[in-house]
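Copied from TrEMBL, the annotated features are:
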TRANSMEM  A:21-44  transmembrane segment
TRANSMEM  A:56-76  transmembrane segment
TRANSMEM  A:116-134  transmembrane segment
TRANSMEM  A:140-171  transmembrane segment
TRANSMEM  A:229-250  transmembrane segment
Amino acid sequence: MLMLYRKLIAASLRSQMQYKMNFITSAATTGMIMVLDFVILSAILHRFNDVAGWNIYEVGMLYGISSASVSLYRLFAPEVNDFEKYVVHGEFDQMLIRPVSPLLLLLTRNLDLSRIGGIVQGVAVLVLSLAGLAREGADLLWLIVFSPIAILSGGVIYFSMALSSAALSFWTHQMRDILTFTIYAPANASNYPISLYPGWLKWLFFTALPIAYMNYLPMLALLGKGGGWYYPLLAPVAAATALFLALTFWKIGIRHYHSTGS
Amino acid sequence: MVYWRIIRKSYRRNLQYRLSHLINNVASSIFGLVFIAIWMGVLRGKAVHGPYDAETMACYIAICQSVLWVTTFMSPGLNVQVGVRSGAVSLDMIKPVHYLWYTLSQEFGRLLYNACYRSLPIGLLLGLAVGFSFPSDPLAYLLFLLSLLLAAYVGMLLFYLVGISSFWTTEVRWLHLILLSLVFGFGGQMIPVDLMPGVLGQLAPFLPFAAMIYYPVMNWLELAPAYSIGVQLLWAVILTAVALAVTKQARRKLEIQGG
């Protein structure tokens, strides 16, 4: 399975590297756009010191993890994010008759390399925030150990939410509007402490759109804001659960797929 | 008048998507709610100087989210690059209407549609969440309308310039994203531009991006400085001149490549 993934992904990488200049400019632009986004956030926090008791470096930890996670997902699964076209144009038919699972085919068809810029930005924000926290005399060891785990878990959580949305499109035949709800809004919301949001949104972020487990809950514990020592462990657990549920839903969805017959 | 007819056609074409958009409005409102929640967290328990207390800020963000659909969420490059790629642009250029006004009319029809089926419902939803704020002075409505029209016009011209750059480049996607992030960053959608720190706060109110979002919202809240319409007018004039000049160059380029 992994061997096959490596082979297929290598092929699509080779085809993309034919356009090296395009890759470099696109990655640089994506990174720059996201840097600007963070500059605006810093401007707000520079002016008002903190948001709900979180200072700029603490929000930076949330922001960096969320930003890198969502970019990680967008890097590896652009075709899942764009799945609507497979259902609408009936392209999914071809994937069903291959001897490989349709999901593996989707994941190996394309890599959105421009998202590397977003990962670099997220990690840069993390490093800056860690440096700031160090100056305030915080203990960095666990933060540094946990950050890669958080980014990976976050990437899996975003992937799971996207896969569920894709599976839903087997019935609804459209996905773009759903993604606003399941990816873009949560990605934006998880840059900040979840405690900010009204009750029903908070509830959503702990259940159906489980972004709270990737950065907010662990950081509560690691930044000494209260919360159990085991909170960081919830990140990979939530990611695994979300992935399992999404894969199950995806399998159910495939059985309901009707071709457009065009 | 021919442009009015183009506008009406474009408006009607967009009506087809009404239902899916009305559902999407709920998702868009959640974005607004997230922004409002962030600001409430920022302002909680702090003395704010200037006009931005929590209540005003909530209204500011809500109106921003509504205004965005008329002045910012336009077709990338006003679809000029699509015509350039397919070659259809050569037919549009020989039409007896000026290409710039033709393109702008197409987009304006879509913006009118957005105003009815995006801005109004979103404004209503967010108003229900944070409370409505209406201008007290009847004159303010007039100023707001003028400011909104100018904002849409400035926005359309900037998007047009991105689109028409496709005569010289192959890919406008990245230019579009850069423009969009500049508008989001310096337009006032996240933070009223005069609240930005240092030089940024002094410079941003005079950039065209503030003319697209910040001023119409401030006019609705009756907080806009007296020169707000002036800044917008100035950018409208400058960008019109630039767009006309670039269109002329593009036409020449088209002629060089020939049939």
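Glycine residues also receive a Cβ, built from the backbone N, Cα and C atoms like all the rest.
Caution: TrEMBL annotation is automatic and unverified by curators.
Among the listed stretches A:56-76, A:116-134, A:229-250, the one sharing the most Cβ pairs under 8 Å with the transmembrane segment (A:21-44) is A:116-134. Residues 34, 38, 41-42, 45-46, 50, 107, 111-113, 115-119, 121-126, 128-130, 132-133, 136, 143, 147, 150-155, 157-159, 162, 183, 187, 190-193, 211, 214-216, 219, 223 of the same chain lie 6 or more positions beyond the ends of the transmembrane segment (A:56-76) yet place their CB under 8 Å from a CB of it. Residues 61, 64-66, 68-70, 72-73, 76-77, 80-81, 83-84, 87, 103, 122, 126, 130, 133-134, 178-179, 182-183, 186-187, 209-211, 213-215, 218, 222-223, 232, 235-236, 238-240, 242-243, 245-247, 249-250, 252-254, 256-257 of the same chain sit 6 or more residues outside the transmembrane segment (A:140-171) yet have a Cβ under 8 Å from a Cβ within it.
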